[in-house]
Amino acid sequence: ENISDFSLNVTDCTQVVVPEEVFFTVAAAGILENLLVLIAVIRNKNLHLPMYFFICSLAISDMLGSLYKTLENIFIILCKMGYLTRRGDFEKKLDDAMDSMFILSLLGSIFSLLAIAADRYITIFYALRYHNIMTLRRALVILAIIWTFCAGSSIAIALFSYEAATVIPFTILFPLMMFFILCLYVHMFLLARSHAKKIASLPTSTVHQRTNMKGAITLTIFLGVFLCCWAPFVLHILLARFCPHNPYCACYMSIFHVNGTLIMCNAIIDPMIFAFRSRELRSTFKKMFCCAR
């Protein structure tokens, strides 16, 4: 809020405000859609596989992102109405808790995408040994490690966010993890193309390869949507930390509400990708709605 007020004095850019009705509608839709994904995976035993557990982890991250923006908007409304102050101890603790939730959502999404990418890599190139390498127990252990690390990091970063030594590693982590996943994709598709030519004479293997490549393409869509929705907000954090008084930075920060809405749009788009790309998940959704009727 302080940065936004200052930006009006140093730039001619008008602050873009998203209507509260739109804000809460998008947030509620994202939470409900991802909740449906979690319920579908829990109810259908055929979906109790490592890949779908990693997808559930991504769904939880999306829910946290929508919940964070919803609580933040409520907090701002209460401050404007005079029910909360901006400098109180309770408000500071509440703000730290919301910041921690935001960081947890971002880190959870990054590491969930990384886990899905690794799972697809093993599926494509170690298909015969996949069930021995990626067991359900190992998948749960991986998820436990991911969320323990993300929770600890989010608390530490939220508490010490005013120190550059904390902000810099956090901001470097985002492009670094994205670069690593992109390298994994390039390596995956290049090897898959070479591997597909070698097994072209085996009909069953070709069908299996096509199925695995479909999963890799789905993951690529996930990554593209994630970058489009999260990168503008991460850039906002960088600009707010390192050049808040620059007119160009202030002009970009005037679309803060739009960048926040993009995060919640990610929570809406991901479940649509799940349903569109997974026949088993679509079938589960149909059964759930038919039973509800």
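In case you wondered, yes, glycine gets a Cβ from its N, Cα and C as well.
According to TrEMBL, the features are:
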type     : residues : note
TRANSMEM : 22-42    : transmembrane segment
DOMAIN   : 33-274   : domain 'G-protein coupled receptors family 1 profile'
TRANSMEM : 49-68    : transmembrane segment
TRANSMEM : 102-128  : transmembrane segment
TRANSMEM : 140-162  : transmembrane segment
TRANSMEM : 168-192  : transmembrane segment
TRANSMEM : 213-235  : transmembrane segment
TRANSMEM : 255-276  : transmembrane segment
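Using a cut-off of 8 Å between Cβ atoms, the transmembrane segment (22-42) and the transmembrane segment (140-162) share fewer than three residue pairs, counting only pairs 6 or more apart in sequence.
Across 102-128, 140-162, 255-276, the stretch most heavily in contact with the transmembrane segment (49-68), judged by Cβ pairs under 8 Å, is 102-128.
Here the domain 'G-protein coupled receptors family 1 profile' (33-274) has a mean pLDDT of 79 out of 100.
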